[in-house]
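Q: A single structure is presented below for examination.
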Amino acid sequence: MAKFVFVTGGVVSSIGKGIVAASLGRLLKSKGYSVSILKLDPYLNVDPGTMSPFQHGEVFVTEDGAETDLDLGHYERFTDTAMSRLNSVTTGSIYQAVINKERRGDYDGRTVQVIPHITREIRERIKRVANNSGADVVISEIGGTVGDIESLPFLEAIREFKGDVKRNDVVYVHVTLLPYIGTSGEIKTKPTQHSVKELRSIGIQPDILVCRSDRPINDGLKNKIGGFCGVNSDAVIASLDADSIYSVPLALKDEGLCKEVLDCLDLNDHESDLKDWERLVHKLRNPGPSVKVALVGKYVQLNDAYLSVVEALRHACISHDASLDLHWINAENIESEGAEKLLQGMDAIVVPGGFGNRGVNGKIAAIRWAREQRVPFLGLCLGMQCAVIEWARNIAGLEDASSAELNPNSKHPVIHLLPEQQDVVDLGGTMRLGVYPCRLQANTTGQSLYNEEVVYERHRHRYEFNNSYRTLLMESGYVISGTSPDGRLVELIELKNHPFFIACQYHPEFLSRPGKPHPLFGGLIQAAQMRVPSSPSEAFNPQSKIIEKKSLEQQ
């Protein structure tokens, strides 16, 4: 039977619960335990799929097509374990399920209430993850902050949960903040005490406290916190600000977080195997020459909107002994200031996904610059669609070429709506979502990078390459290097006689891992290194073993 860990947060939002949960998952896995992690989000949206990137940040897509919180990306990257739609729970999805049951008459005419019906549904979702995944340990991160009214049903549900299992089958971890007051030169514990008091008022006594701080916490302070909060001082874990999120698992290991969790759950504390992770962090802290990568997007004001893209670039740089020098470029600024001014000197250009008209012409201008100046380029989702439009306009002679999404009146809609999307009205959860196969063409850069005939990638889009223009674009020099197995959908395009020019309709960033960078990102960084004078990289060769998919153990 599975064991359960609940991670809550206090004092402030964005305190790092997701990284703590992901780090704990990594530590447990290093000791031989299988792990699944779920996020319980207290907003009324059924999922974040229709939320603005400025509001929510990135929407992470799972293999089975769920649109989820970006924390699931952290969970997958840290544990190298695929999550599913069951691992993402929102207040909206809970209420939707309960109301649907009420409409079907499942409650036999009873009055439907937050307690017990909503809280029972939450508990059932957590147990469903345990049953579906078969994990030894299920970690649940409760979104929001203790004291928020939105989080109360979830906190009540996890309080009730301890009545469903044996005492040593559940542990409560509370992440809190220890602020430093510069004028007095002191770390203050009072906010943590009040946060724990608030949690206790709900009926939850935390077993472990993870205390965020920007400076070391001495034993005297740990004893004080433990005494006031009813926690053993050994279970007061310091979590100092780190140079990288990938350093956090090692820091929490040294603080004894995993040992305390295993003790509470009555699990054996096996010898841990973190050599690969330690090697990863060492390479991250000791990089080679930097590569300048321009990320040309429309949501660059909030970096979290492209979180997985940035992490995929970072993974590739770690693998290739490079330092990532990332330049955030607003696509709209390219429209007003020009590509040359903003992109001159870049070693690589990435144009990620997005929706709507705003900034598209700037993205197209950036792609033209990359093509004409022979700068390594990678386009993702909308980035591929913009690359097709750029080629159609400037090489294939279709001056009016556009996407049906961007210009419904275009005479040459080289990108059009997927046939199965024609009659779709609702926005939420109705796109082409999740994993689909892609057959790669032999003797192409794409096939050489993957070193596979068929690959499986995650999608999130409604629009697709218009096959009416396939012959024209191919005759003008475009290379279609990947399609759906039936050949109907164009998934991957590239250019010959260019250092590196590849664009895909899918989202490869969702499959990149710290120890296993995605081949497309690996190829981009290796090509970018060729533009760095002091780079040790050899001439770019897509068949090079450097860019094959491999783990750090093989390096």
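Just so it is clear, glycine is given a Cβ too, placed from its N, Cα and C backbone atoms.
In case it helps, Swiss-Prot gives these features for our protein:
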type	residues	note
REGION	1-267	region 'Amidoligase domain'
BINDING	Ser13, Asp148, Ile149, Glu150, Lys188, Thr189, Lys190, Pro191, Thr192, Gln193, Lys224	CTP binding site
BINDING	Ser13, Lys188, Thr189, Lys190, Pro191, Thr192, Gln193, Lys224	UTP binding site
BINDING	Ser14, Ile15, Gly16, Lys17, Gly18, Ile19, Asp71	ATP binding site
BINDING	Asp71, Glu141	Mg(2+) binding site
BINDING	Gly354, Leu382, Gly383, Met384, Gln385, Glu405, Arg462	L-glutamine binding site
REGION	534-555	region 'Disordered'
COMPBIAS	534-544	compositional bias 'Polar residues'
COMPBIAS	546-555	compositional bias 'Basic and acidic residues'
Q: Quick check: with Ser14, Ile15, Gly16, Lys17, Gly18, Ile19, Asp71 left out, which same-chain residues have Cβ atoms within 8 Å of the centroid of the ATP site Cβ atoms?
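A: Close Cβ neighbours, site residues excluded: Gly9, Val20, Ala21, Glu141, Val175.
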Q: For Ser13 (CTP binding site) and Glu141 (Mg(2+) binding site), determine the Cα separation and express it in whole Å.
A: 13
Q: Does Asp71 (ATP binding site) have same-chain partners at least 6 apart in sequence with Cβ under 8 Å from its own Cβ, and which are they?
A: Gly18, Ala21, Ala22, Lys39, Phe60, Glu141
Q: Within 10 Å of each Cβ, count the other Cβ atoms, then let me know which of the binding-site residues Gly16, Pro191, Gly383 comes out lowest.
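A: Pro191, out of the binding-site residues Gly16, Pro191, Gly383, has the fewest neighbouring Cβ atoms within 10 Å.
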Q: So of all those binding-site residues, Ile15, Leu382, Arg462, which one's Cα sits nearest to Ile149 (CTP binding site)?
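A: The smallest Cα gap between Ile149 (CTP binding site) and any of the binding-site residues is with Ile15.
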Q: Find, for the listed binding-site residues Gly18, Gly354, the residue with the lowest Cβ contact count at a 10 Å cut-off, counting only other Cβ atoms.
A: Gly354
Q: If you count other Cβ atoms within 10 Å of each one's Cβ, which of the binding-site residues Ser13, Ser14, Thr189, Thr192, Gln193 has the most?
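A: The residue with the densest Cβ neighbourhood is Thr192.
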Q: Averaged across the region 'Amidoligase domain' (1-267), what pLDDT does the model get? Just tell me the whole number, please.
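A: A mean pLDDT of 95 is what the model gives the region 'Amidoligase domain' (1-267).
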Q: What other residues of the same chain, not counting Gly354, Leu382, Gly383, Met384, Gln385, Glu405, Arg462, have a CB atom within 8 A of the CB centroid of the L-glutamine site?
A: Gly353, Phe355, Cys381, Cys386, Ser403, Ile415, His461, Tyr463
Q: Need the DSSP three-state call for Thr189 (UTP binding site) to compare against my parser.
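A: The three-state answer is coil.
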Q: Max Cα-Cα distance in Å among Ser13, Asp148, Ile149, Glu150, Lys188, Thr189, Lys190, Pro191, Thr192, Gln193, Lys224, the residues listed as binding CTP?
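A: Between the outermost Cα atoms of Ser13, Asp148, Ile149, Glu150, Lys188, Thr189, Lys190, Pro191, Thr192, Gln193, Lys224, the distance is 31 Å.
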Q: Through the lens of DSSP with three states only, how would you label Ile149 (CTP binding site)?
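A: Reduced to three states, the DSSP call for Ile149 (CTP binding site) is helix.
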Q: Including all protein chains shown, what's the count of other C-beta atoms within 10 A of the C-beta of Ile19 (ATP binding site)?
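A: Other Cβ atoms found within 10 Å: 21.
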Q: For a quick check of packing: other C-beta atoms within 10 Å of the C-beta of Lys224 (CTP binding site), how many?
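A: There are 16 of them.
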